[in-house]
Amino acid sequence: MTISSARTARRLPDLTSSAFLVIAFLTGIAGALQLPTLSLFLSTEVQVRPFMVGLFYTGSAVIGIVVSQILATYSDRQGDRKTLILQCCLLGALACLLYAWNRNYFVLLFIGVLLSSFGSTANPQLFALAREHADRTGRGAAMFSSVMRAQISLSWVIGPPVAFALALGFGFPAMYLTAAVVFVLCGLLVWLLLPSMPKTRVKSAATLESPRQNRRDTLLLFTACTLMWTCNGIYLINMPLYLVNELRLPEKLAGVMMGTAAGLEIPVMLLAGYLTSRLGKRLLMRLAVIAGLIFYTGLTLLNGSWALLALQLLNAIFIGILAGMGMLYFQDLMPGQAGAATTLFTNTTRVGWIISGSLAGIVAEVWSYHAGFVIAIAMLAGAAVCMWRIRDV
C-alpha cells in the first residue's frame, strides 16, 4: 500500500504537467479557429469596409485589456485561478455561439467581444497558474513555459488550415461551433485535472517585490513588445485580404502560411527555452527583432506563393522568441506577481491590436494592404531601439 501510494505521488506531477500542456493546446486551438479568418468573416459575412474591420480589432483589444487586467488583479490577490480559467472557457464558448449565428456588427463588437475577452483571458491565467505550479514543484519555469508555448504553436499548425477549410467548405457557423466545442472540452479538463492553488497573504518583501524598482526596463520592454505585436497584428489582419484582393492568390494560402509559421515556431520556442540560460533573454529578444525586420522587408518585396512560404521561417523566429521569452522577461522584472506580469505581457498583444486595428483599417482604406507592411518595418525599428537600451536580467 505504501509503495503504491509513493508511485502514485510520483506520477501526479507528471499528470498535472501533461494536463497543462493539453489545455494549452486546446486554448490555442480555440483561438486559432477564430482569429485567422476574422477579417475575412467581417468583410464577407458581416460585409463591412476595411476601416470597420480595423475598428473591430481595436474595440476588441480595448475591451480585452480591461477584462484581463481586472481578472489579473483579482487572481493575484485572492481566489483560485482554476475556477477563473473554467469560467473563462465557458464564456468563450458562449462567444463562439454568438458569432456562429449573429451578423449584426455592433452586437458582435460589444457583446461578442466582451464574451471573447473572457475566453482569451483563460490563456494568460493558465500560464500564470503553470508558473506557480512550476515554482512549487521545482520544475524549470523557462523550459516548462517554452514547452507550453510550443503547444500553442502546435495548435496554430492545425487551427488556421482547419479554420479556412471549415469556413470555406461548410460556412462560418460550422467553424465557430467547432471552436465552442473546443472551449467546452477545455473547461472540462480544467475542472478535472488542474490543481487548485488558493491565494495566501504573504508579506515577505522578497516575494512581493515592487516592480517599481524595474520601472524603466519594464516600460522599455512593454514598448518593444507592443510594437512587435502591432506588426504581427497588421500582418494577421491584412495578410488574408492582401493575398486575395491584391495578389489574387488562393484564400487557403493564408491558412497554409499561418500553419507553416506555427509549425516552425515549435522548434524555435524549444530552442529558445534551452538557450535562455546561456544567451540570456535580452539577446534572444534582439534576435527576434532582427528576424522581424528581415521578414517584413521580404513581405514588401516578394509576392510569389513559395517565396511567402519561405519567409515564414523568419516569422517563426520573430514570433517564437517573442511569445516564449517576452512573458518570462516580464515575470523576471515583476517577481511575486506572476498573474500581473503575465497579463501585462498579454496586454502588449492587446495594445498591439488596438494600434494595428486602427492602422490596418485606415491604411488599407486610404492606400493599400501592402502599405501596412511598410509601416511594420518602421515600428520594428522602434522596437530595436528599445531592446538595445534595456538591461539583461
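A Cβ is built for glycine as well, from the same backbone N, Cα and C atoms used for every other residue.
If you look up Swiss-Prot, you'll see 22-42, 51-71, 82-102, 107-127, 152-172, 174-194, 219-239, 253-273, 287-307, 308-328, 344-364, 366-386 marked as transmembrane segment, on the strength of sequence analysis.
Sequence-distant neighbours of the transmembrane segment (253-273) (same chain, 6+ residues past either end, Cβ-Cβ under 8 Å): 32, 36, 142-143, 145-147, 149-150, 153-165, 236, 239-240, 243-244, 284, 305, 308-309, 312-313, 315-317, 319-321, 323-325. Among the recorded stretches 22-42, 82-102, 174-194, 308-328, 344-364, the one sharing the largest number of Cβ pairs closer than 8 Å with the transmembrane segment (219-239) is 344-364.
Among residues of the same chain six or more beyond the transmembrane segment (107-127), those with a C-beta under 8 A of the stretch's C-beta atoms are 20, 23-24, 27-28, 30-31, 34, 46, 55-56, 59-60, 63-64, 66-68, 71-72, 75, 81, 84-85, 87-89, 91-96, 98-99, 145, 148, 152, 183, 186, 327, 339, 342-343, 345-346. Contact between the transmembrane segment (51-71) and the transmembrane segment (366-386) does not hold: fewer than three of their C-beta pairs are under 8 Å, each pair 6 or more apart in sequence. Same-chain residues lying 6 or more positions outside the transmembrane segment (22-42) and placing a CB less than 8 Å from one of its CB atoms are 48, 52-53, 56-57, 89, 92, 96, 99, 105, 116, 119-120, 122-123, 126-127, 130, 148-149, 151-156, 158-160, 162-164, 166-167, 172, 175-176, 178-179, 182-183, 185-186, 189-190, 193-194, 236-238, 240-241, 244, 251, 254-255, 258, 262.
Note: the stretches the transmembrane segment (82-102) and the transmembrane segment (174-194) are in contact (3+ CB pairs below 8 A, sequence gap of 6 or more). Long-range Cβ contacts of the transmembrane segment (308-328) within its own chain (Cβ-Cβ under 8 Å, at least 6 residues beyond either end) map to 127, 141-142, 145-146, 149, 152-153, 221, 225, 228-229, 232, 235, 253, 256-257, 260-266, 268-269, 272-273, 276, 281, 284-285, 287-289, 291-292, 294-295, 298-299, 302, 341-342, 345-346, 348.
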